[in-house]
Amino acid sequence: MCGNNQTMVTELVLIGFQNNYMFRIVLFCFVILVYLFTFFGNLVIILLVSFNYYLHCPMYFFISNVALADLIITTSIVPNMLFIIWLEGHSMSINGCLSQYFFVFVSTYAQCCLLMVMSFDRYLAICLPLQYSSIMNMTISIRLVFVCWMIGILLINVEIIIISQLQFCSSNIIDHFFCDFAPLLALSSSKVYALAWLDISFNIFVIFLPFVFIVVSYIYIFMVILKISSSKGRRKAFSTCSSHLLVVCTYYGSLIGVYMSPSHANAFFENKMKSLLFVMLTPFTNPIIYSMRNKEIINTMKNIYRKRRLKH
């Protein structure tokens, strides 16, 4: 319970980026433009994979789920963030904050697992091509994707249950633009050491271990590619995994830049800008990478465009 001179907090205020008027205008326009491109870019990939028979294979099914995860993350954060930027702060109920936390980090955890599964898919395609169709088919890929999402849902539900038991007294100001883990713990008046260690354990299991798996997979993939005698064969083999490799580098590069790069104490503005980069960079670049690096997606888009022209 809160002390005698404290009141139980039922509503949180996210203050986001409090700066001069011109900065807010520029940031607002930048965020909304990036979000619109991210939203429609990922939506197009999901629709292309869903409604085109030629893209009904494990690799593109995984790509569509990565696009779905990006869509959920940005849509859970950006619309409310636009209010925060424009109004220099915006209130949110604790339940609303926990709901945002749930959707953002379920999708984040699922995406880490999906990237790991995609690296396994590329390993099978390049290192064990004769056994690929017997090991990786649509039934197996659906089950793997289901497991990826269930891991995120189960782990984040555990955190949500524990966070909902925390006490929030007196202060209700979150110096951030979304309900992230660290600002929520900093605001709580309860003991949070056990929850902090639980979150670290989850991050090791869902973020670090998949990264190790991806690195090991690509070591084997590169070893096999280097053994290919013809340069044309090497280029063809590398092209099948280049888009996934670029996404992994972008995702984990931005993750390390945000959470592992040194920052000055109390550098709240710097930390928020890093988080903004992480939240928007990968969802923005993924549609570009998959569209530019996959001939099947490009050809499907061209065919749709030709059919529409013929109808008119």
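Each Cβ is built from the backbone N, Cα and C atoms, and glycine gets one as well.
Among the features that TrEMBL reports, domain 'G-protein coupled receptors family 1 profile' is placed at 41-290.
Counting same-chain residues at least six beyond the ends of the transmembrane segment (21-54), those with a Cβ under 8 angstroms from any Cβ of the stretch are 60-61, 63-64, 67-68, 70-71, 74-75, 78, 81-82, 85-86, 88, 276, 280, 283-284, 286-288, 290-291, 296-297, 300-301, 304. Positions annotated as transmembrane segment by TrEMBL: 21-54 (among others).
Marked as transmembrane segment by TrEMBL: 60-86 (among others).
The transmembrane segment feature in TrEMBL is assigned to 98-120 (among others).
Remote same-chain partners of the transmembrane segment (140-164), defined as residues 6 or more beyond its termini with a Cβ less than 8 Å from a stretch Cβ, comprise 58, 61-62, 65, 94, 98, 101-102, 105-110, 113-114, 117, 121, 181, 184, 195, 198-199, 202, 205-206. Look at TrEMBL and you will find 140-164 (among others) tagged as transmembrane segment.
As annotated by TrEMBL, transmembrane segment applies to 204-226 (among others).
If you look up TrEMBL, you'll see 238-261 (among others) marked as transmembrane segment.
Sequence-remote contacts of a segment are chain residues at least 6 beyond its ends whose Cβ falls under 8 Å from one of its Cβ atoms, and for the transmembrane segment (273-292) they are 31, 34-35, 37-38, 41-42, 44-45, 63, 66-67, 70-71, 73-74, 77-78, 176-178, 180, 243, 246-247, 250-251, 254-255, 257-258, 261, 263, 298, 301. Among the features that TrEMBL reports, transmembrane segment is placed at 273-292 (among others).
In this model, the domain 'G-protein coupled receptors family 1 profile' (41-290) carries an average pLDDT of 86.
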